[in-house]
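Database features, via TrEMBL:
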DOMAIN    334-491  domain 'O-GlcNAc transferase C-terminal'
DOMAIN    541-715  domain 'O-GlcNAc transferase C-terminal'
REPEAT    43-76  repeat 'TPR'
REPEAT    77-110  repeat 'TPR'
REPEAT    111-144  repeat 'TPR'
REPEAT    145-178  repeat 'TPR'
REPEAT    179-212  repeat 'TPR'
REPEAT    213-246  repeat 'TPR'
REPEAT    247-280  repeat 'TPR'
REPEAT    281-314  repeat 'TPR'
Amino acid sequence: MPSPPLRTVPEAFALALQLHQAGRLAEAETLYRQILAVEPNHANALHFLGVVAHQVGQQETAIDLIRRAIALDPANAVAHSNLGYAYHAQGRTEEAIAEFRRALELNPGDALVYYNLGNALGECSRRDEAIAAYEQALRYRPNYPAACFNLANTLRNHGRLDRAIAAYRQAWRLVPGDADVAINLGNALVEQREFSEATAVLRHALQLRPDSAIAHYNLGNALRAQGLLDEAMLAFRRALEMDPHLSEAWHNLGNAFRDRGQFDEAIASYQQALASKCDYAAAIVSLGNACKDQGRLDEAMNAFRRALQLQPEDAGTHSNLVYSLEFHPASETGIITREQERWNERFAASWKQKVPAHANDRSGTRRLRIGYVSSDFKDHVIGRNVLPLLQCHDRAGFEVVCYSGVETADELTAEFRRQADEWHATADVPDEALANAIRRDRIDILVDLTQHLAGNRLPAFAREPAPVQVSFAGYPQTSGVAAIPYRISDRWLEKGGLENSEGMVKATAREQVFLIDSFWCYDPCGAGVQTNALPAENAGMITFGCLNNFCKVNDPLLKLWARGLKAVKNSRLILLSHEGSQTQRTRQFLEGEGVDPAHIEFVAPRSRKPYLELYHRLDIALDPFPYNGHSTSLDALWMGVPVVSLCGDRPVSRAGLSQLSNLGLPELVASTKDRYVDIATGLANDIPRLKELRATLRQRMEKSVLMDASHFTRQIENCYRTMWRQWCADWKA
């Protein structure tokens, strides 16, 4: 039955509005136009005809019509908001923002307009204003899930994870079946390192949306962070089933393989990530690290350089390059120095003119606040070396403040916390914020325990948040950062430092180096593994070994080891490495040097107690070169296994000299390659000497400066006090 004829414009407008609200846009448009043919200045017909145009994608027409309507009725808040929608749809975001604000001046309580204002502001990266707009939307409509969700997204993108997670939770309470909310809450919990809860939330999200690649991917991230590698890898693979080109999933699948020591599989996964995204710098860095794990140093450094071309402002990538140079057998001091200088110029030099004066009390004798910065306050070689220092500090003279970048705490982390007067978790704190916090904390002496190792905070040190800054313990080498003018080393590590007495300062062009008796203070950390009898006596053969990180093994070193193995009849060599192409290549190389590959054994890395028990199988430890063993050599000596070392010019090549000299065994240190082989073979042929060392090395260790924590700490405290007095004196001068 046809509608009765309309007698008046108001009747026609009311019907047009009904049709519009019912989604019958073409019929509504016809009526609006009929009205305007009769009454051209009908503001509402112009307005809603403009809305129809907006809805069918004719934004230019919509804008023209709604602007004409507003000219006739400037106080119409809804018209201003609809004009804002049309501008927004056309990409004219600033004009949209202006119209939304005008609508809110006319009608301050409109939650929907605040929501859309927040969306527009967010697109312009005006995040603080966007957050305020969403909060206003929620003020007027507390149970507004879309506003909760977008508020959470904006807070998360702004790095405000605590508030973002609270907003996601609120949205989830309102719409518990919304997969997007669950997925983003889970992702935010991963970023917040709340991995257990993230796992539960993401599993629920996948019940709602089983085909979400991003949910599978972040579930993999949460599982990997908890050490559940098999489950993590399954999650990454499922993500890749949903989206084979999800490069981040390929990357983190590679990281999970690397965690398991499957370096070949890790490299293949990184290459898949790069096939999907050729400029994926993070995957290139990971590829470099996996190559370094396998001792493929040239490929590693090429990867780091390639990543730096893509992200030249990434200090961590450049640190990877600087540190890798220390391992390369062809690296000379000048090459390393130039790369350190490039790092300093790129990431540190510009801060020099921006450093405000320090307001610390310049009393030379007062109690000093010492800030220690490290990501290794845990069961790690650096952590084990530093813990005795914190345990023995004179608390009357020194206050200990730790800035910890540890991501996964362990029992040793808990001990560090007990030893600290103040503890600050800084893993997720940006460098600028960290530097500001250190300055506010009035730290007197800031100690870098990491240098260019992973997790370093050198960009924070570049901002000079403390008046005195010193590097120590990461590894015995300068970082090259001009803002760290002091370094603690020992008189054996520094070439030309042997004649110096305790506390002597060796000045270089870039820093003052304080020379103590030993760079290391060894603590076996309660492993409780006893020494055993010399294995050669029962085995009837000599077993050489090197249980250092495999990245320290290189071809020139293998040539020397091959000479020793061939000179000592029926001898064996044990190396520490996961199986992979690197072990196969090593066997083939040694076979090419005349060594029976059956005499070469690789053992996988393991936890501390079974790792120490591996020394029960070794008669002689062979120190790598140019990067000597550090804590690994101390472990060998603790287990009664003598270390034969080759000494070079750089501090990392003189660790064996330092440790063995401090044990009264300098005769085990060679200054030439030939002498290195001679010492090793001579010792192998002297069973009585090996037996005597096996029986006495642990006692030598316990009686030496290598395990005298009190002496070690007093020397370092003397260094701190001297540095502090220099700073006080410089000010007075």
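Using the three backbone atoms N, Cα and C, a Cβ is placed for every residue, glycine included.
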- Query: For the repeat 'TPR' (247-280), DSSP counts of helix, strand and coil?
  - Reply: 27 helix, 0 strand, 7 coil
- With DSSP as the yardstick, break the repeat 'TPR' (281-314) down into helix, strand and coil residue counts. 27 helix, 0 strand, 7 coil
- Item | Beyond the flanks of the repeat 'TPR' (145-178) by 6 or more, those residues with Cβ under 8 Å of it | 111, 114-115, 118-119, 122, 127-128, 130-131, 134-135, 137-138, 184-185, 188-189, 191-192, 194, 208
- Chain residues outside the repeat 'TPR' (247-280) and at least six past its termini with a C-beta under 8 angstroms from it: 213, 216-217, 220-221, 224, 229, 232-233, 236-237, 239-240, 286-287, 289-291, 293-294, 310, 578, 580-582, 604-605
- Helix-strand-coil residue split for the repeat 'TPR' (179-212), DSSP-based: 27 helix, 0 strand, 7 coil
- Please work out the mean pLDDT for the residues of the repeat 'TPR' (179-212). 95
